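Student: So TrEMBL lists these for the protein:
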BINDING   A:Val17, A:Thr49  thiamine binding site
DOMAIN    A:10-89  domain 'Thiamin/hydroxymethyl pyrimidine-binding YkoF putative'
DOMAIN    A:116-194  domain 'Thiamin/hydroxymethyl pyrimidine-binding YkoF putative'
Number of protein chains: 2
Amino acid sequence: MNQACENSRIVGCSFSVHPMSDQFVTYIMDSLKEVDTSKVWLHTDDVTTTVRGRMEHVFDVTKAILLHIAKTGVHVAFQGTFSIGCPGDTSGDVYMDESSERLNETKVTGLRLLIAAKFSLYPMGGGDYMDTIYAQIEAMKSKGVEVSPAHYSTRLDGDTHDIFTGLEDVFRETEESGSSHTVMTVTVSANSPSHKETE
Amino acid sequence: MNQACENSRIVGCSFSVHPMSDQFVTYIMDSLKEVDTSKVWLHTDDVTTTVRGRMEHVFDVTKAILLHIAKTGVHVAFQGTFSIGCPGDTSGDVYMDESSERLNETKVTGLRLLIAAKFSLYPMGGGDYMDTIYAQIEAMKSKGVEVSPAHYSTRLDGDTHDIFTGLEDVFRETEESGSSHTVMTVTVSANSPSHKETE
């Protein structure tokens, strides 16, 4: 698949981050101050935040927001729905003209943090969608993260960068395999007291 | 659709609740003490909790857990993925023999709380899935809640009971319309400081 085609459709992510702290607003605002969102369309309301743009920037921004909160050590949950090819949503198409350079990678690349994540892939509109899902779960096993089955999802344990790279790869490969409308849900838990007990 | 058929397939929900407080563990544990989960299969790990059983009990339990936390006034987010017909998951099938009486309804029915929710419906494996989605969004408008478009989802504002009843109806009707595998994601925000500002 060539670059022009790879970048031909806008990606969106509707997500929320939940620092489990009385100071949740401060954690979120401090993180947003550190994240460069200039290459994505961004809209926040009281339930979720939506970012839209080129695939690499949507993953770059969501990972950076999570990492800048998680680096503080607070227990934080992230829940995001990544979408491509959804009929009817066109906001932010102008952001497809941005260059591919990721604006936040340099700043977060030194932040190494083990997280637990669960993801589910939903290739819509096709009858052989389960084959696509199983193929992408297999592919995830080569991304340097621990992959295990979970209920209605696949569990990933590993470094935040490896997990987000794996998720972006899986999402891109599902799109490139011909799925006209792909949805991927991701739930992340960082700095959980449960993790600390088992480490 | 007769009762026997309506209840022929197990429903699951993988969810997490996030009280935005230093005392998040206490809020969750206190809620679980008040919720009767004896009619569902339940498994919790460090990322999500999964419940499986008859459709009415899965919605009964998830609503009750949310309400028992939200009644304290703490800002809490709920994120759940409801699933029916997922190939390969069979845990908890024995719970399909439970009676239909909801165990938590009496205790929570007096808890009236306005929440904001977003839901997305994913009928898998069929080409006309968008028609099903649009029909169910239309149907939601008759459920006594405010319905508005959002990015990759539909926004609902109203009382917790009305919203959960609407979601259960939509999920059941999608299943009964012939979708072999249906997924519905739900994100809820209760007691948000943003809500209080606008009230």
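Placed from the backbone N, Cα and C atoms, the Cβ positions cover glycine too.
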Student: So among the binding-site residues A:Val17, A:Thr49, who's got the most Cβ atoms within 10 Å?
Tutor: A:Val17
Student: Could you give me three numbers for the domain 'Thiamin/hydroxymethyl pyrimidine-binding YkoF putative' (A:116-194), the DSSP helix, strand and coil residue counts?
Tutor: 31 helix, 31 strand, 17 coil
Student: By DSSP, how many residues in the domain 'Thiamin/hydroxymethyl pyrimidine-binding YkoF putative' (A:10-89) are helix, how many strand, and how many coil?
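Tutor: Breakdown, helix to coil: 27 helix, 27 strand, 26 coil.
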Student: Could you give the mean pLDDT over the domain 'Thiamin/hydroxymethyl pyrimidine-binding YkoF putative' (A:10-89), rounded to a whole number?
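Tutor: When the pLDDT values over the domain 'Thiamin/hydroxymethyl pyrimidine-binding YkoF putative' (A:10-89) are averaged, the result is 95.
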